[in-house]
Amino acid sequence: MTVSYLELSFIFVACIQIAYWIMWLIGVVKIKPPAHQEPSHGVSVVIAANNEFENLRHLIPLLLKQTYDNFEIIVVDDRSSDGTYDYLLGLSAQEAKLKILTVRALPDHLNGKKYALTLGIKSAKYDQILLTDADCNPLSNEWIRCFAGSWNDKTSFVLGFSEYKQQKGLLNYFIRFETILTGIQYLSAAVFGKPYMGVGRNLSYSKTLFLSKKGFHGFQGITGGDDDLFVNKYANGSNTNVQLGPNSVIFSIPKSSLSDFITQKIRHLSVGKHYSSKSKVILGFFMFTWLAIWAIAPFEMLSTPNLMVPSIILLVRFMLMGATISVFKRKTGAKLSLLGLILLD
């Protein structure tokens, strides 16, 4: 029996895909909650806000209701003109945990959000910095406690997961699917000792490390990357922990138009080119083989005399993907119908 180049190509990319999904599944399964402890060290929550008055009205009360005792909230008002400062000023007079910093003008050649975060981190009282965005909300009043519990003397990074709110429409489903897929990849990689990114909506790192590395030096002028590039450059298997559970998840409202989503993805992809070579190869090869398997599969199905083999291969791959996403959903409480995977895959 002769095997065509088409069959060999299909089997090759399919085996690579199956190997990737086995790796992702093992990684997700291996994510365990930290050993039970009652942390008491301080945590500084830092938020950069540019004209986020309405969002902050929802977020700050949720943060103030957190059950963890030893924390502060630092909001850096980044040149806002929508009443943000007045709101924060009035609230800070009542809440000792809330601290306000204001950026009146942005120095030349600096990125606004990175500059605001740098000011906030420098002024933090505690070494553990916990980042989120103004348009995000913690799903639990245990959020800070979860991240504090994942911190120890060797920790410089704690990576968390941030999901998007479920809404109607295919675009929303795709955004949530893509967010879960990204979370599976970077959190599994961290479990295997190869962290390459985090998301600034739910990320913790050390103030000491940040200052020792001169903050965002080297990518200060890049739009975006305040989260993933810093992790990609300085996180490693010995200084990084993963915090994954329903009580540690942050959620936000996703883009509602295709053009806004595409613009956001282009920005994210442009940051990805600054990743380490190893990270780019691993992630790039995963996406290449994913596209390749569906580019080759129709021709393989039409040309092969025996549909059983390619059908079984595709089914095994799909079952592994479904199992991985199911385990991830169970650990995070994320909602995503597996029926839609048939279309999106």
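Backbone N, Cα and C define each Cβ position, glycine as well.
TrEMBL entries are annotated by machine, without manual review.
In TrEMBL this protein carries:
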type	residues	note
TRANSMEM	6-29	transmembrane segment
DOMAIN	44-174	domain 'Glycosyltransferase 2-like'
TRANSMEM	281-301	transmembrane segment
TRANSMEM	307-328	transmembrane segment
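Within the chain carrying the transmembrane segment (281-301), a Cβ under 8 angstroms from the stretch's Cβ atoms is held by residues 6-7, 9-10, 13-14, 16-17, 20, 185, 189, 196, 272, 275, 307, 310-311, 314, 317, 345, all 6 or more beyond its ends. The DSSP breakdown of the domain 'Glycosyltransferase 2-like' (44-174) into helical (H, G, I), extended (E, B) and coil residues amounts to 44 helix, 33 strand, 54 coil.
For the domain 'Glycosyltransferase 2-like' (44-174), the mean pLDDT of the prediction comes to 94.
Here the transmembrane segment (307-328) has Cβ contacts under 8 Å with residues 10-11, 14, 17-18, 21-22, 24-25, 28-29, 180-181, 183-184, 293, 297, 300-301, 334, 336, 338, 341-342, 345 of the same chain, all six or more residues outside its ends.
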